[in-house]
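Comments concern the structure below.
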């Protein structure tokens, strides 16, 4: 059993520095046969020895078990302040003792010389708490010791909090196409889009041209091409034709003789004096349409006047009406005995025409 604590002894003189310990052996890296060397078991605690006289610091032994708390001893007499000793090795932290009675403060001792930096030794057994000495100056930092063996794995810590959400990963590859779903109902019609920009101008088109017959003249207007000139002919029998007129060229082509009776016999159209009526085929470039406006002598706005004349027809049977140029229309009469006669105006419901008035006409192109 542990005896009662004795009175505190007087402070002994400072001990001398211990000899430098041998450098510990460290297996690093571990041998190939030992990927991770486990820590060895702790040594058995040694028995607590009787307090001996202060001697030179011995080699530190393993830490013994903590003994039971002893009875509170009587405060000892204050010892003479000792001379400042050289900084010793850090000892293991002892248990907190009872608060002793404050002793009188001793005189400040002289500052001792600065000792050499010693190597850090193993932790010694906790000594008896001595009298508080005058604080010494901080010693120099010791050299960094070699890395010790890895200790046993600690107990798992509590689960940490969820970290902040990381950035989105790259998009994965497209999955296979799913089956075609049923056709949905037609949605409402969207708003009308804006008018698009005007497209580029197209290539210029070719200049058009139109061919027409100028009845009653053998000369085309200025600037137009004379395709051919001739005279007007018609059927000699009202039963053989529909009353249309032809502009037959003055230069006849040679045709082989017919072995059968001809279907249509032609004859010249004459004026009041028995003269043939001329005609000419004209080519008007840059135009595409030719139209005859009856009972008029002026073309509409934007049209070109080809010639002005009189409306004429065959008085013997109904058929084609011609706009005969005024150059030759003055030579036609209104008598029905002629092959071609001008058309006179008769009384109309909406207008008051005189019987002697003729119907004018104008041929226009655009």
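These residue numbers are counts, starting from 1, taken along the chain as shown.
Yeah, the Cβs are placed from backbone N, Cα and C, and that goes for glycine too.
These figures come from a predicted structure and were not determined experimentally.
Taken from Swiss-Prot, the feature compositional bias 'Low complexity' applies to 1-14 (among others).
Feature annotation from Swiss-Prot assigns compositional bias 'Pro residues' to 28-45.
According to Swiss-Prot, the compositional bias 'Low complexity' annotation covers 75-90 (among others).
The compositional bias 'Low complexity' annotation in Swiss-Prot covers 99-110 (among others).
The compositional bias 'Basic and acidic residues' feature in Swiss-Prot is assigned to 138-149.
According to Swiss-Prot, the feature compositional bias 'Low complexity' maps to 150-168 (among others).
Under the heading compositional bias 'Low complexity', Swiss-Prot lists 189-201 (among others). Sequence-distant contacts of the compositional bias 'Low complexity' (189-201) (same chain, six or more residues past either end, CB-CB distance under 8 Å): none.
Taken from Swiss-Prot, the feature region 'Disordered' applies to 1-207.
Summarising the annotation, Swiss-Prot assigns region 'Triple-helical region' to 1-23 (among others).
The region 'Triple-helical region' annotation in Swiss-Prot covers 40-210 (among others).
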**Complete:** Grouping DSSP H, G, I as helix and E, B as strand, the residues of the compositional bias 'Low complexity' (1-14) number 0 helix, 0 strand, 14 coil
